[in-house]
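In what follows, a structure is listed as structure tokens, so that the remarks can point back to it.
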Amino acid sequence: MKKISRKEYVSMYGPTTGDKVRLGDTDLIAEVEHDYTIYGEELKFGGGKTLREGMSQSNNPSKEELDLIITNALIVDYTGIYKADIGIKDGKIAGIGKGGNKDMQDGVKNNLSVGPATEALAGEGLIVTAGGIDTHIHFISPQQIPTAFASGVTTMIGGGTGPADGTNATTITPGRRNLKWMLRAAEEYSMNLGFLAKGNTSNDASLADQIEAGAIGFKIHEDWGTTPSAINHALDVADKYDVQVAIHTDTLNEAGCVEDTMAAIAGRTMHTFHTEGAGGGHAPDIIKVAGEHNILPASTNPTIPFTVNTEAEHMDMLMVCHHLDKSIKEDVQFADSRIRPQTIAAEDTLHDMGIFSITSSDSQAMGRVGEVITRTWQTADKNKKEFGRLKEEKGDNDNFRIKRYLSKYTINPAIAHGISEYVGSVEVGKVADLVLWSPAFFGVKPNMIIKGGFIALSQMGDANASIPTPQPVYYREMFAHHGKAKYDANITFVSQAAYDKGIKEELGLERQVLPVKNCRNITKKDMQFNDTTAHIEVNPETYHVFVDGKEVTSKPANKVSLAQLFSIF
């Protein structure tokens, strides 16, 4: 058999087993763990290539015949970092491995059969990840949705009704009528969406009514009063309906301290938002809950990574987001109690230790909706530069750290909110919400986004040019955004109770409507690559953070990767 050099092979088919790829301008190095394509039998589309009838394309159409095949992709997922063909059929991932013509080629499985009905997308030299999931959305403006989508986020979970003061401060869509409006508004967008109801009440009937109206869970927020009673009742109803509860705890410790909140939670599962505390929560020690077995702890992106500008930036943001007044002494003291450089410094380290499990945005309410993915990778890179390789790494690569940080915005938020059966990873049977990246722009600017198996967004040149590539090249909506295609390509998540009662038909929804499930039978141990539990304490006078008796902190960065170099114009 004729052989070619590794350099020639990579240029034709992309990296193979043992090859290493740098992610953007970071120090993070991904190494290909396995190549499922077969040497000499690789798929390649184009003039004089192999994707043609009688070669890699079968002339015997079958029911397994793919709608789309992505060839020779480098998949970066919590399940592994590996090379494979990805087959898509009926909007889902039908197969991962060796695609082609099983009548002519070895190793081709039925679920990766290429036929006359199959479209081809060249994945050689590209990285494929699952679409990101942002679970901390203030639905203040609908313009957030395309902004997040262009960053690689394909699922948004949160609450709100637009720029009302309640929404500016809290991720809550309160009540049946508001949920109806938001569920109907969701029809317009290329984004999977789910809405959180108001959990700040001790009235079980009111809580239940919101879940039956289509909410996928509750948000309890201090601006509405995060009392032990509200926590207990929301969790009681959540347990009954199998939905998640997210919480922003009591910064002022009005109704109790962190110990009182944990007593009210009573060992039940809860998703804690901005668990470090700068975004809100028991001052100064909400961060200690991150080590508990029943807590699914999240960060929001304004505090990660910790930089020389973080502290100064937060004061003005906080005053606006929580309707505070700089002329009122108590409001200023409230803000000061939340912005603690010591706990922010510890946050980066806790992410690197796998104690913090999820990253999210806190969109337009101190966080940036288009930067969840970028800031997650900036944090990973900052921590590698400061602390070196993780002890869990095997070989001369950063694969473990890469899986740890990828999981924070893909599979872990999916598990937390009961949607991991559908989205959150590159696995057979899941919805084909996929993001394609050039390695040089990984984490900053996707090359293309596939939504429900159909191309929804892509970098595209002048529409009047003779080929697709002439400038100006920028993101443009593709056909999955338009007409009734957007209904097939996107999902509205609801509770099982609302699904069973026919919420789709009741509200006249045309999008896919799917129920969340398995929200209450999970713990920290279900958080992939981020399941570390520990005893965390905060010194009440200095705010220094200790994990199992050892102080943890990090230095503020004066320069980060994936930044201005990629945004010159």
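Every residue, even glycine, has its Cβ placed from backbone N, Cα and C.
What Swiss-Prot says about this one:
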type	residues	note
ACT_SITE	His322	active site, proton donor
BINDING	His136, His138, Lys219, Asp362	Ni(2+) 1 binding site
BINDING	Lys219, His248, His274	Ni(2+) 2 binding site
BINDING	His221	substrate binding site
DOMAIN	131-569	domain 'Urease'
MOD_RES	Lys219	N6-carboxylysine
Neighbouring binding-site residues, C-alpha within 10 angstroms of His248 (Ni(2+) 2 binding site) - of His136, His138, Asp362: none
Euclidean distance between Cα atoms of Asp362 (Ni(2+) 1 binding site) and His274 (Ni(2+) 2 binding site), Å: 8
Env. residues of Ni(2+) 2 site, Cβ within 8 Å of mean position of Lys219, His248, His274 Cβ: His136, Thr170, Thr171, Ile220, His221, Ala246, Ile247, Thr249, Thr272, Phe273, Gly279, Gly280, Gly281
Shell list (Ni(2+) 1; ref centroid = CB of His136, His138, Lys219, Asp362; cutoff 8 A): Ile137, Gly158, Gly159, Thr170, Thr171, Ala246, His248, Phe273, Thr300, Ser360, Ser361, Ser363, Ala365, Gly367
For His138 (Ni(2+) 1 binding site), the number of other Cβ atoms found within 10 Å of its own Cβ: 26
Neighbour count (Cβ, 10 Å) for His136 (Ni(2+) 1 binding site): 33
Distance [Cα-Cα, Å, rounded] between His138 (Ni(2+) 1 binding site) and His221 (substrate binding site): 12
Cα separation, the residue listed as 'substrate binding site' to Asp362 (Ni(2+) 1 binding site) (Å, whole number): 13
Between His136 (Ni(2+) 1 binding site) and His221 (substrate binding site): CA-CA distance (Å): 12
Which of Lys219, His274, the listed binding-site residues, has fewest other Cβ atoms within 10 Å: His274
Neighbour tally for His221 (substrate binding site), based on other Cβ positions within 10 Å of its Cβ: 26
Sparsest Cβ surroundings (other CB atoms within 10 Å) among the binding-site residues His248, Asp362: His248
Local backbone state of His138 (Ni(2+) 1 binding site), from DSSP in three classes: strand
